[in-house]
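Quick look at what TrEMBL annotates:
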| type | residues | note |
| --- | --- | --- |
| SIGNAL | 1-21 | signal peptide |
| DOMAIN | 195-441 | domain 'GOST seven transmembrane' |
| TRANSMEM | 199-219 | transmembrane segment |
| TRANSMEM | 231-248 | transmembrane segment |
| TRANSMEM | 260-282 | transmembrane segment |
| TRANSMEM | 294-313 | transmembrane segment |
| TRANSMEM | 333-357 | transmembrane segment |
| TRANSMEM | 378-399 | transmembrane segment |
| TRANSMEM | 411-435 | transmembrane segment |
| REGION | 454-498 | region 'Disordered' |
| COMPBIAS | 462-479 | compositional bias 'Basic and acidic residues' |
Amino acid sequence: MGMDPYIFLLILTFLLKPGNASIHVYNQESFNEVGNSYLLSGGSEGISSSSHSRSFVRFDNITFRRPKSAAKSRGLIQVVLFEAADRNNIGGSAYGGQRSICCTSDLSKLQGCKQGEVIRIPSANDLNWPIILKLHFSRNSLSTSMKNHEEIGISKTGMYNLFFIACDPKLKGVVMSGKTVWKNSDGYLPGRMAPLMRFYVFMSLVYLLLAVIWFTQYIRFRKDILQLQHCISAVVGLGLFQMILWYFEYANFNSTGMRPVVLTTWVVTVGAVRKTIARLLVLCVSMGYGVVRPTLGGLTSKVLLLGITYFLASELLDITEYVGTINDLSGRARLFLVLPDALLDAFLILWIFTALSKTLEQLQVKRSAVKLDIYRKFSNALAAVVFASVAWIAYELYFKATDPFSERWQSAWIITAFWDILAFALLCVICYLWAPSQSSQRYAYSEELGEEFDEEEAQSLTREKPDGDISLVEKKEKSVGGTRVLDEDGEAEEDKRE
C-alpha cells in the first residue's frame, strides 16, 4: 500500500502531538498505521544552528513495548530525523505509482533498499541526512530501549521532523514512553517562537511608554475624568501586564525547556480578558456611551452577554493554541475553535459600525461639531483597522496555504505579532482622541441639556431658558413706532413698518 508524498506528510502533520515543553514527553504513545508502516510523531520544530552554541535533539529514557503476539520475532524500530526540505528523501515508489514509506519486494529490486526497512535517499546537501537510527527487539522480549542521552547534532538551520517507524506488521500495537530534548543555539524555544521573546520586550516598552503618558494625564486631570477614560485606563494597564507576562513565559520556556500549564494558562487568561474589554470598549465608544447617552440602557445585558461569550471563545482558543504546545505546527483542535471566535468578531464588527453610524447621525442632527469631528476620526481609524485585518487574514491564509510544511518558519512569528501591533495602534488612536484634559467634560453627556454642546454651538441662535428649554427668545413690545424684538443678548432691535 502506498500514498502520495504530500498527502502522506500532511497526515503526519495532523498526527503531531503537542507536548508540555520543548522537552517532548511521550507516555505510552501508540503508533498509527500510515500506508505500509506504523509510525509515531516525535515532534516538529524549527532549529537554528550557530558556531557559538550547539543545537541538538537528545533521546532520554526512550522505551518501546510490543504486544505478546510479536514476542517471538526480532522486530525493528527505526528513528527517523529529517529536514522538511528533504521530505521526499523518505519513501519511494515502484513504476511511478504511489509512494511507500517502507521498502517492498518490488522497491528492493528497483532502488536497492532493504525490504522491511524505511526507504532512505541521501540528501543532496549532506549524504548523512536524513538520519535513521535502528533499534531491535530481542527474541522473547516485550520491550527495548534506546541508548540513554543519545544525541543527534544539528549543524544546519531548518525545520526538523522526528518520527518513530515500524515496518513489521507484527509490531502493530507497539507503544513508546520517554522524552526527547530539542535545543536551539539560543535556548529551548522552538525556532518559530524564539523571535517572539524579543518582540514582547519591544511591546512591553511601547506599552510602558503609552501607560506613562496616559496615566500622567489621568492623574493630572483626575477631577475631570470621564467614565469612558476609566475603561481606557483598564485596557492600557491590562495590555502592559499581558506583554510583560508573555515575555516572562517565553523566557522561562527558553531557559528551562518546560512550559508550565499554570503559568501559560494565567497569561492567556489575562490576554482573553484584555481582548474582551478592548472590544467592548470599542463597541461602547461606537454606541456613544458617555457622550450622547449616559448609559447603555436596555443594551447593557446584551453587551455583557456578548462579552462573556467572546471571553469564553477566546480563552478556549488561546488555551488550545498555547497551553502545553511546543511544536511549530498547529493542531486540529485549533481549526474548530477558530470558527466561533471569528464569527463573534464578525458580529462585533457589524454591531460596532451599525452603532457608529447611528451615533454620527445623532451628532450631525445636534450639530455637535467637536464631538462629530472626534467620531469621524475614530470611524476612519476603525475602518482602516478592519481593512488591515481583512488584508492580513488573506495574507495569513496565503502564507499557510503556500507553506504546508512550515519551511518559512523563521518569518512565521510576524503572523502572531501583527495582531498585537494592530491592537496597540487602535488603542493609541483611542487614547489620543479621548485623552484626559481640563476640557474632558465638554465631550460628556449632560443630564441637564440631554446633550452637551461645545463652544461653536454656544454661538448659535439657541440658549438655555431658566426652565431648561432651548428656544429662540423673542419678545415683542408694541410701540407707536413699530415692533421691538429682543435678540439673544436682550438687546432691542427695531423692526420698522413698511
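Any Cβ shown, glycine's included, is placed from N, Cα and C.
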Residues of the parent chain within Cβ reach of the transmembrane segment (231-248), under 8 Å, 6 or more residues beyond its termini: 196-197, 200-201, 203-204, 207-208, 210-211, 214-215, 218, 266-267, 270-271, 273-274, 277-278, 281, 284, 420, 423-424, 427, 430-431, 434
Residues of the parent chain within Cβ reach of the transmembrane segment (199-219), under 8 Å, 6 or more residues beyond its termini: 225, 229, 232-233, 236-237, 239-240, 243-244, 246-247, 250, 413, 417, 420-421, 424, 427-428, 431, 435-437
Close approaches to the transmembrane segment (260-282) from elsewhere in its chain (Cβ under 8 angstroms; 6 or more beyond its ends): 20, 231-232, 234-235, 238-239, 241-242, 245-246, 249, 252, 303, 306-307, 310-311, 314-315, 318-319, 322-324, 345, 348, 352, 382, 423, 426-427, 430
Non-local residues, at least 6 beyond the ends, that sit with Cβ under 8 Å of the transmembrane segment (333-357): 279, 282-283, 286-288, 306, 309-310, 313-314, 316-317, 320-321, 375, 378-379, 382, 386
Beyond the flanks of the transmembrane segment (378-399) by 6 or more, those residues with Cβ under 8 Å of it: 282, 285-286, 349, 352-353, 356, 360, 408, 412, 415, 418-419, 422, 425-426, 429-430, 433
